[in-house]
Amino acid sequence: MLRPIDVGSVEGLAYHRAWDTLYWTSSTTSSITRHTVDQTRPGAFDKEAVITMSEDDHPHVLTLDECQNLMFWTNWNEQHPSIMRSTLTGKNAQVVVSTDILTPNGLTIDHRAEKLYFSDGSLGKIERCEYDGSQRHVIVKSGPGTFLSLAVYDNYIFWSDWGRRAILRSNKYTGGDTKILRSDIPHQPMGIIAVANDTNSCELSPCALLNGGCHDLCLLTPNGRVNCSCRGDRILVNDNRCVTKNSSCNIYSEFECGNGECIDYQLTCDGIPHCKDKSDEKLLYCENRSCRRGFKPCYNRRCVPHGKLCDGENDCGDSSDELDCKVSTCATVEFRCADGTCIPRSARCNQKVDCADASDEKNCMQNKHKCEENYFGCPSGRCILNSWICDGQKDCEDGLDELHCGE
């Protein structure tokens, strides 16, 4: 066991179940320390300080997210009070909430929705926000001195009230349905925790499986549903991918590197970095992505165009694009796309791209003007190369060559 002199003045305490390790904050040493309970355990931590702050900083309440490898704490710095976070090893420490905050005395995590809840004793309110401090919402506001310790479970936020010596709860979404669960407690209630089998389970998070289908950030709504988002100034496009606002890359056939470069989409996740920043081979991207429309996933997680399936060439690299090949035949009332798929014959040359490879709109008769093979006819009678279809540039006067490309 640890002697009191070894740990300083403990303000916040949290337990990492998987590591059998205690984390605590000390206001006297301005630090966060971890120590494994069973010191015979392989890789045990022995009073390791993971965060050391300045004398003006006073870490207070502490909470852990084992699933995301993150810890959060309140800092009672008199001049700059805040809520901070870092990894469980103390790396990448940063302030996530620093405005409209005075005495952050309560802090807890909604593990199901991956949201942060905190209370301010001086301002008398409970707020909810994202892990990065964004999307702040006031949930409950009752006046100074009301809130002390917080806990979240199911659809409710629970807290201890020093003034009334009571335990209360409210709806975690709206702040309504407030009830006093227990009052007239003989001693002022301090900490409060919610204990259940599913209070902190990584396996229950929708983002744990294939990053929730998101290309970049997988966030959760307050009710635990996936909400894909993008870092920085990038925007979310179809199939939950992120691109820069003024990207010069073709969103159908090219991949935008993290530094803005454009490479052939088929070159991504092939084990060879083609982007200078190697973003086309990032494990998080390659392990969690879904192939774009018009592409089929290989067993090795590469993506190849439908038109290259069963063509006698090993395009996947593991030959999975040449397995289970059958001669594709379409009914007499259907049109066969170049990639082998069948669409209604009425969809042929209807000025709408129905085939993933746009072959249903190639070599069409427009205004009694027939274009040569490998050319596309615009309504004006102008012929353009088939390769110009869906390339991000409007070559037909009415932009027909760029319509319905993402459908």
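Cβ atoms here come from the backbone N, Cα and C positions, even for glycine.
Since we're looking at a predicted model, the values are computed, not measured.
Sequence-remote contacts of a segment are chain residues at least 6 beyond its ends whose Cβ falls under 8 Å from one of its Cβ atoms, and for the repeat 'LDL-receptor class B' (69-113) they are 12, 14, 16, 23, 25, 27, 32, 34, 49-51, 53, 56-63, 119-123, 126, 128-129, 131-133, 136, 147-152, 159, 172, 198-201, 204-205, 220-224. If you look up TrEMBL, you'll see 69-113 (among others) marked as repeat 'LDL-receptor class B'.
Across the range of the repeat 'LDL-receptor class B' (114-156), the DSSP-based residue counts are 0 helix, 21 strand, 22 coil. Among the features that TrEMBL reports, repeat 'LDL-receptor class B' is placed at 114-156 (among others).
Summarising the annotation, TrEMBL assigns disulfide bond to Cys257-Cys275 (among others). Long-range C-beta contacts of Cys257 (disulfide bond), restricted to its own chain and to partners at least six residues apart, with a cutoff below 8 Å, comprise Ile263, Cys275, Lys276, Asp277, Ser279, Asp280.
Counted within 10 Å of its Cβ, the other Cβ atoms near Cys291 (disulfide bond) come to 19, all protein chains included. Here TrEMBL flags Cys291-Cys303 (among others) as disulfide bond.
In the three-state DSSP reading, Cys298 (disulfide bond) counts as coil. There are 20 other Cβ atoms within 10 Å of the Cβ belonging to Cys298 (disulfide bond). According to TrEMBL, the disulfide bond annotation covers Cys298-Cys316 (among others).
Under the DSSP three-state reduction, Cys325 (disulfide bond) is assigned to coil, being neither helix nor strand. Under the heading disulfide bond, TrEMBL lists Cys310-Cys325 (among others).
Within 10 Å of the C-beta of Cys330 (disulfide bond) there are 15 other C-beta atoms, taking all protein chains into account. As annotated by TrEMBL, disulfide bond applies to Cys330-Cys342 (among others).
Cys337 (disulfide bond) falls outside any helix or strand according to DSSP and counts as coil. Per TrEMBL, the feature disulfide bond maps to Cys337-Cys355 (among others).
Positions annotated as disulfide bond by TrEMBL: Cys349-Cys364 (among others). Of all Cβ atoms in the protein chains displayed, 18 besides its own lie within 10 Å of the Cβ of Cys364 (disulfide bond). In the three-state DSSP reading, Cys364 (disulfide bond) counts as coil.
Cys383 (disulfide bond) falls within a strand when secondary structure is assigned with DSSP. Residues or ranges marked as disulfide bond in TrEMBL: Cys371-Cys383 (among others).
Taken from TrEMBL, the feature disulfide bond applies to Cys378-Cys396 (among others). Cβ contacts within 10 Å of Cys396 (disulfide bond), excluding its own Cβ and spanning all protein chains shown: 21. DSSP gives Cys396 (disulfide bond) a coil state; it is part of no helix or strand.
Neighbours of Cys390 (disulfide bond), defined as other CB atoms within 10 A of its CB across all chains, total 22. Residues or ranges marked as disulfide bond by TrEMBL: Cys390-Cys405 (among others).
Cβ neighbours within 10 Å of Cys383 (disulfide bond), excluding its own Cβ and spanning all shown chains: 18.
In the three-state DSSP classification, Cys342 (disulfide bond) falls within a strand. Secondary structure from DSSP puts Cys310 (disulfide bond) in coil. DSSP gives Cys349 (disulfide bond) a coil state; it is part of no helix or strand.
When the disulfide-bonded residues Cys298, Cys303, Cys378, Cys396 are ranked by how far their Cα is from the Cα of Cys325 (disulfide bond), Cys298 comes first.
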